[in-house]
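What Swiss-Prot says about this one:
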type     : residues  : note
TOPO_DOM : 1-35      : topological domain 'Cytoplasmic'
MOD_RES  : S2        : phosphoserine
LIPID    : K19       : N6-myristoyl lysine
LIPID    : K20       : N6-myristoyl lysine
TRANSMEM : 36-56     : transmembrane segment
TOPO_DOM : 57-234    : topological domain 'Extracellular'
CARBOHYD : S81       : O-linked glycosylation site
DOMAIN   : 89-234    : domain 'THD'
DISULFID : C146-C178 : disulfide bond
Amino acid sequence: MSTESMIRDVELAEEELAKKAGGPQGSRRCLCLSLFSFLLVAGATTLFCLLHFGVIGPQREEQLPNAFQSINPLAQTLRSSSRTPSDKPVAHVVANPQAEGQLQWLSGRANALLANGVKLTDNQLVVPLDGLYLIYSQVLFKGQGCPSTHVLLTHTISRLAVSYPSKVNLLSAIKSPCHTESPEQAEAKPWYEPIYLGGVFQLEKGDQLSAEINQPNYLDFAESGQVYFGIIAL
(Lines of atoms letter the chains of each structure in order from A and count residues from 1; the text may use other names and numbers.)
(Lines give C-alpha, C1' and ligand atoms only; values in the text may rest on other atoms or scores of the structure.)
Protein backbone atom coordinates (compact mmCIF):
# COMPACT_ATOMS: atom_id res chain seq x y z
CA MET A 1 0.00 0.00 0.00
CA SER A 2 1.41 3.44 -0.98
CA THR A 3 1.61 6.45 1.31
CA GLU A 4 -0.98 8.39 -0.75
CA SER A 5 -3.58 5.64 -0.41
CA MET A 6 -2.97 5.43 3.35
CA ILE A 7 -3.53 9.19 3.72
CA ARG A 8 -6.71 9.02 1.57
CA ASP A 9 -8.15 6.25 3.74
CA VAL A 10 -7.47 8.22 6.89
CA GLU A 11 -9.17 11.33 5.47
CA LEU A 12 -12.26 9.31 4.49
CA ALA A 13 -12.42 7.83 7.96
CA GLU A 14 -12.22 11.30 9.50
CA GLU A 15 -15.10 12.52 7.32
CA GLU A 16 -17.29 9.59 8.41
CA LEU A 17 -16.46 10.21 12.05
CA ALA A 18 -17.26 13.89 11.68
CA LYS A 19 -20.70 13.09 10.25
CA LYS A 20 -21.51 10.60 13.00
CA ALA A 21 -20.15 12.68 15.85
CA GLY A 22 -22.33 15.40 17.26
CA GLY A 23 -21.73 18.16 19.80
CA PRO A 24 -18.55 19.16 21.59
CA GLN A 25 -17.69 15.66 22.82
CA GLY A 26 -17.88 14.32 19.34
CA SER A 27 -15.61 17.08 18.08
CA ARG A 28 -13.00 16.29 20.74
CA ARG A 29 -13.12 12.61 19.91
CA CYS A 30 -12.74 13.41 16.26
CA LEU A 31 -9.75 15.65 17.01
CA CYS A 32 -8.01 12.93 19.07
CA LEU A 33 -8.60 10.34 16.39
CA SER A 34 -7.31 12.73 13.75
CA LEU A 35 -4.12 13.37 15.76
CA PHE A 36 -3.59 9.64 16.33
CA SER A 37 -4.15 8.94 12.66
CA PHE A 38 -1.64 11.64 11.67
CA LEU A 39 1.03 10.21 13.97
CA LEU A 40 0.36 6.73 12.65
CA VAL A 41 0.72 7.87 9.05
CA ALA A 42 3.89 9.86 9.84
CA GLY A 43 5.47 6.88 11.60
CA ALA A 44 4.59 4.53 8.76
CA THR A 45 6.00 6.96 6.20
CA THR A 46 9.26 7.34 8.13
CA LEU A 47 9.64 3.57 8.49
CA PHE A 48 8.99 3.08 4.79
CA CYS A 49 11.66 5.64 3.85
CA LEU A 50 14.26 4.11 6.19
CA LEU A 51 13.65 0.64 4.79
CA HIS A 52 13.62 1.88 1.21
CA PHE A 53 16.97 3.71 1.45
CA GLY A 54 18.64 0.96 3.49
CA VAL A 55 19.25 3.04 6.60
CA ILE A 56 17.93 0.23 8.80
CA GLY A 57 17.41 -3.45 8.20
CA PRO A 58 19.84 -6.15 7.07
CA GLN A 59 22.85 -5.10 5.01
CA ARG A 60 23.16 -6.26 1.49
CA GLU A 61 25.55 -9.13 0.92
CA GLU A 62 27.68 -7.15 -1.50
CA GLN A 63 28.18 -4.45 1.16
CA LEU A 64 29.45 -6.76 3.92
CA PRO A 65 33.00 -7.20 2.62
CA ASN A 66 33.41 -3.40 2.35
CA ALA A 67 32.93 -3.05 6.11
CA PHE A 68 36.24 -4.82 6.65
CA GLN A 69 38.29 -3.02 4.00
CA SER A 70 39.87 -0.76 6.60
CA ILE A 71 40.75 -3.72 8.84
CA ASN A 72 42.08 -6.23 6.33
CA PRO A 73 45.11 -4.17 5.19
CA LEU A 74 46.29 -3.80 8.80
CA ALA A 75 45.89 -7.51 9.48
CA GLN A 76 47.68 -8.37 6.25
CA THR A 77 50.53 -6.01 7.13
CA LEU A 78 50.94 -7.59 10.57
CA ARG A 79 50.91 -11.08 9.11
CA SER A 80 53.43 -10.22 6.40
CA SER A 81 55.76 -8.45 8.82
CA SER A 82 55.71 -11.43 11.18
CA ARG A 83 56.74 -13.71 8.32
CA THR A 84 59.44 -11.40 6.93
CA PRO A 85 62.85 -12.23 8.44
CA SER A 86 64.80 -9.30 9.89
CA ASP A 87 67.72 -8.03 7.83
CA LYS A 88 69.36 -6.17 10.74
CA PRO A 89 72.87 -7.24 11.82
CA VAL A 90 72.92 -9.41 14.92
CA ALA A 91 75.48 -11.58 16.67
CA HIS A 92 75.63 -13.76 19.76
CA VAL A 93 78.84 -15.69 20.48
CA VAL A 94 79.72 -17.93 23.40
CA ALA A 95 82.94 -18.78 25.20
CA ASN A 96 84.98 -21.83 24.25
CA PRO A 97 85.15 -24.06 27.35
CA GLN A 98 88.13 -25.92 25.89
CA ALA A 99 90.34 -22.83 25.70
CA GLU A 100 92.34 -22.87 28.92
CA GLY A 101 93.67 -19.62 30.32
CA GLN A 102 91.89 -17.40 27.79
CA LEU A 103 88.48 -16.10 26.78
CA GLN A 104 87.88 -17.30 23.22
CA TRP A 105 84.61 -16.57 21.45
CA LEU A 106 82.88 -19.10 19.20
CA SER A 107 80.04 -18.69 16.71
CA GLY A 108 79.66 -22.24 15.42
CA ARG A 109 77.47 -23.47 18.25
CA ALA A 110 73.77 -24.24 18.60
CA ASN A 111 73.27 -21.34 21.02
CA ALA A 112 75.29 -18.83 18.95
CA LEU A 113 74.83 -17.00 15.66
CA LEU A 114 76.26 -14.45 13.25
CA ALA A 115 73.67 -12.90 10.93
CA ASN A 116 73.33 -10.22 8.27
CA GLY A 117 76.96 -9.29 7.81
CA VAL A 118 78.45 -9.49 11.31
CA LYS A 119 81.82 -11.30 11.38
CA LEU A 120 83.94 -12.79 14.15
CA THR A 121 87.57 -11.98 13.30
CA ASP A 122 90.54 -12.29 15.67
CA ASN A 123 88.17 -12.81 18.60
CA GLN A 124 86.37 -9.54 17.77
CA LEU A 125 82.94 -8.75 16.34
CA VAL A 126 83.16 -6.64 13.16
CA VAL A 127 80.26 -4.24 12.55
CA PRO A 128 78.88 -4.40 8.97
CA LEU A 129 76.77 -1.19 8.88
CA ASP A 130 76.56 2.23 10.49
CA GLY A 131 73.86 2.64 13.11
CA LEU A 132 72.73 2.21 16.69
CA TYR A 133 73.62 -1.10 18.33
CA LEU A 134 72.88 -2.77 21.62
CA ILE A 135 76.13 -4.26 22.91
CA TYR A 136 76.06 -6.77 25.76
CA SER A 137 78.21 -9.39 27.45
CA GLN A 138 78.22 -11.57 30.54
CA VAL A 139 80.91 -13.56 32.30
CA LEU A 140 80.75 -15.75 35.39
CA PHE A 141 83.69 -16.26 37.72
CA LYS A 142 84.02 -18.89 40.42
CA GLY A 143 86.65 -19.82 42.97
CA GLN A 144 87.35 -21.84 46.07
CA GLY A 145 88.21 -19.82 49.14
CA CYS A 146 90.00 -16.48 49.23
CA PRO A 147 93.76 -16.04 48.87
CA SER A 148 95.81 -13.82 51.13
CA THR A 149 95.68 -11.04 48.55
CA HIS A 150 92.42 -9.62 47.24
CA VAL A 151 91.16 -10.93 43.92
CA LEU A 152 90.03 -8.27 41.49
CA LEU A 153 87.85 -9.36 38.57
CA THR A 154 87.36 -7.04 35.60
CA HIS A 155 85.22 -7.27 32.49
CA THR A 156 85.53 -4.75 29.64
CA ILE A 157 83.95 -4.17 26.23
CA SER A 158 86.20 -2.13 23.92
CA ARG A 159 85.83 -0.54 20.50
CA LEU A 160 88.48 -0.14 17.83
CA ALA A 161 86.87 2.35 15.43
CA VAL A 162 87.77 2.99 11.81
CA SER A 163 87.68 6.76 12.44
CA TYR A 164 90.47 6.69 15.07
CA PRO A 165 93.15 4.05 15.65
CA SER A 166 93.26 3.69 19.44
CA LYS A 167 91.04 1.26 21.36
CA VAL A 168 88.39 2.83 23.60
CA ASN A 169 86.57 1.17 26.49
CA LEU A 170 82.80 1.39 26.04
CA LEU A 171 81.73 -0.58 29.13
CA SER A 172 83.69 -1.80 32.12
CA ALA A 173 83.10 -3.28 35.57
CA ILE A 174 85.24 -4.56 38.44
CA LYS A 175 84.38 -6.85 41.35
CA SER A 176 86.11 -8.45 44.31
CA PRO A 177 84.67 -11.75 45.55
CA CYS A 178 86.54 -11.80 48.87
CA HIS A 179 85.60 -9.33 51.61
CA THR A 180 86.88 -11.18 54.72
CA GLU A 181 89.20 -9.49 57.17
CA SER A 182 90.85 -12.48 58.87
CA PRO A 183 92.20 -15.88 57.77
CA GLU A 184 89.67 -17.60 60.03
CA GLN A 185 86.83 -16.13 57.99
CA ALA A 186 88.50 -16.98 54.70
CA GLU A 187 87.45 -20.62 54.75
CA ALA A 188 87.60 -22.75 51.64
CA LYS A 189 84.07 -21.93 50.56
CA PRO A 190 83.11 -21.62 46.90
CA TRP A 191 82.19 -18.20 45.58
CA TYR A 192 80.57 -16.99 42.35
CA GLU A 193 80.74 -13.54 40.77
CA PRO A 194 78.76 -12.69 37.60
CA ILE A 195 79.42 -9.48 35.68
CA TYR A 196 76.97 -8.21 33.06
CA LEU A 197 77.60 -5.26 30.74
CA GLY A 198 75.15 -3.67 28.31
CA GLY A 199 74.55 -0.38 26.51
CA VAL A 200 73.50 1.31 23.26
CA PHE A 201 76.13 2.95 21.05
CA GLN A 202 76.44 4.59 17.64
CA LEU A 203 78.84 2.45 15.61
CA GLU A 204 80.40 2.69 12.17
CA LYS A 205 80.93 0.11 9.48
CA GLY A 206 84.17 -1.75 10.14
CA ASP A 207 84.32 -1.09 13.89
CA GLN A 208 85.83 -3.97 15.89
CA LEU A 209 84.34 -4.85 19.27
CA SER A 210 86.02 -7.01 21.89
CA ALA A 211 84.93 -8.37 25.27
CA GLU A 212 87.84 -9.18 27.60
CA ILE A 213 88.58 -10.15 31.20
CA ASN A 214 91.68 -10.06 33.40
CA GLN A 215 91.31 -13.42 35.19
CA PRO A 216 90.40 -16.14 32.66
CA ASN A 217 91.45 -18.89 35.08
CA TYR A 218 88.42 -18.07 37.24
CA LEU A 219 85.87 -18.44 34.42
CA ASP A 220 83.03 -20.87 35.10
CA PHE A 221 82.12 -23.12 32.14
CA ALA A 222 80.06 -25.61 34.15
CA GLU A 223 76.84 -24.66 32.35
CA SER A 224 76.29 -23.63 28.75
CA GLY A 225 75.22 -20.04 28.16
CA GLN A 226 76.89 -18.48 31.20
CA VAL A 227 79.56 -16.58 29.26
CA TYR A 228 78.51 -14.74 26.10
CA PHE A 229 79.00 -11.61 23.96
CA GLY A 230 76.70 -10.04 21.36
CA ILE A 231 75.40 -7.07 19.41
CA ILE A 232 71.95 -6.22 18.02
CA ALA A 233 71.26 -3.49 15.47
CA LEU A 234 68.37 -1.23 16.52
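Yeah, the Cβs are placed from backbone N, Cα and C, and that goes for glycine too.
Owing to the predicted nature of the structure, the values given are computational and were not obtained by experimental measurement.
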Among the disulfide-bonded residues C146, C178, which residue has the largest number of other Cβ atoms within 10 Å of its own Cβ?
C146
For the domain 'THD' (89-234), the DSSP residue counts stand at 3 helix, 75 strand, 68 coil
